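Chemist: Quick one: the structure is below, and I'll ask about it shortly.
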Amino acid sequence: MNALATRIASIGLFAALALAGGGAAHAAAGTRLCFQCHDPKDFRARHVHVPVAQGRCQACHNPHVARYEGLVQEKDAELCYRCHAKERAAFAEGVVHEPVRKGRCLACHDPHDSDAPGLRKGKGPEACFGCHKALPRKFPHTHAPYAKGDCQACHLPHAGPDARLLKGDAERLCYRCHKGKAVWKRHRGFPGKAGRCLSCHNPHGSSRAALVRDVLHPPYAKGCRSCHGKGAARGPDLCLSCHPGVKEEVLRLHSHLAGGGEYGCTACHSPHAGDGKALLRGAEKFVCRKCHEGSFRDAEQRLYVHPDLADCTACHAAHGSDQVAMLKKDGTESCTGCHETQGKFTHPVGEKARDPRTGQALTCVSCHDAMGTDFKYHLKQSGEKDLCLPCHPAY
């Protein structure tokens, strides 16, 4: 019996050693085994990912079976953060670039190799233009870094202090390259304040020389002294003296000017030049986000977000409104303008349907939050019962 047991144990030991030896041989073979099917020429760009260069394919891939496409061991960014843990912590601060926030590292990076530093996809700005399609590739007058495709001369690719992902405070960024007295001499006795460059200049390019934005404010086109001369009004009073229609809007129940000078006209509009008729200080989503950062950041963390979140003025009045949250119309009409079908078979709304919690007329926004929520259909709470019971406790 003991002899039989010894023989069985010996057979098992030899089998284990054979299997271990085979596994060791495969491990030693490294990429050679993989390259029997995968052409090594596909991994010979100027910059090669460290695991690839070291022949450690199994650092990311399971050679047999996996839950995810490409036989990768984890999904999306979770795989990258196995090695890039420090970066993960850094990306959690400030405003995070959308691909990073959604864990889509491969939207910008090639996981194996690339001719661009940082394993970026595409050459020059191609990695950026893949998503930022609205930006022109060329201008009659183009900012030198933009012309070279060096977006990262001014922008951070992963996260930054504001929604534009600028490398530093916008008030000082331009002066890193544009130094000296020549900068001041060009402004003819009106040196301006540090950081007001973007009030007149487009940082990417323009149809005008010196990158002056395409649309000029008429008083600016005629000469600075029409607004900056002696005896001229100051603040919103100066603007409203020429824009009486806006004055009617800002006198409504809810107004952007309610906070006084801090929220004056020039918080959103450039007094000199802009890229569009409204002379906004940038794309609408950036202008609004400058003050409403909390609302945007909260919405970005939600599972269900309104698709046109960047188009604020589709629902909100820019200057003033008698509706709560400065909506253009009441909380029902604002929604049914787009959601016509839902408006025909809705829960009772209006003056005949009062919210027992507030005493106010029920509207769409009594139950829905258009900015974003964690519940389907943008419900403020779960539609199973949590949303309904506060008003219908008997059920």
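Positions of Cβ are set from backbone N, Cα and C atoms, glycine also.
Okay, these came from TrEMBL:
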SIGNAL    1-27  signal peptide
DOMAIN    49-88  domain 'Doubled CXXCH motif'
DOMAIN    97-134  domain 'Doubled CXXCH motif'
DOMAIN    143-182  domain 'Doubled CXXCH motif'
DOMAIN    191-231  domain 'Doubled CXXCH motif'
DOMAIN    258-293  domain 'Doubled CXXCH motif'
DOMAIN    311-342  domain 'Doubled CXXCH motif'
DOMAIN    363-393  domain 'Doubled CXXCH motif'
Chemist: Considering every residue in the domain 'Doubled CXXCH motif' (311-342), what is the mean pLDDT value?
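Modeler: Within the domain 'Doubled CXXCH motif' (311-342), the model's average pLDDT equals 92.
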Chemist: Per DSSP, what is the helix/strand/coil residue tally across the domain 'Doubled CXXCH motif' (49-88)?
Modeler: 18 helix, 2 strand, 20 coil
Chemist: Per DSSP, what is the residue tally for the domain 'Doubled CXXCH motif' (311-342) in helix, strand and coil?
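Modeler: Output for the domain 'Doubled CXXCH motif' (311-342) reads 11 helix, 4 strand, 17 coil.
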Chemist: Please list the DSSP helix, strand and coil residue counts for the domain 'Doubled CXXCH motif' (97-134).
Modeler: 14 helix, 4 strand, 20 coil
Chemist: Could you break down the residues of the domain 'Doubled CXXCH motif' (191-231) into DSSP helix, strand and coil, giving a count for each?
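Modeler: Helix/strand/coil tally for the domain 'Doubled CXXCH motif' (191-231): 15 helix, 6 strand, 20 coil.
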Chemist: If you run through the domain 'Doubled CXXCH motif' (363-393) with DSSP, how many residues end up as helix, strand and coil?
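Modeler: Summed by class, the stretch gives 7 helix, 4 strand, 20 coil.
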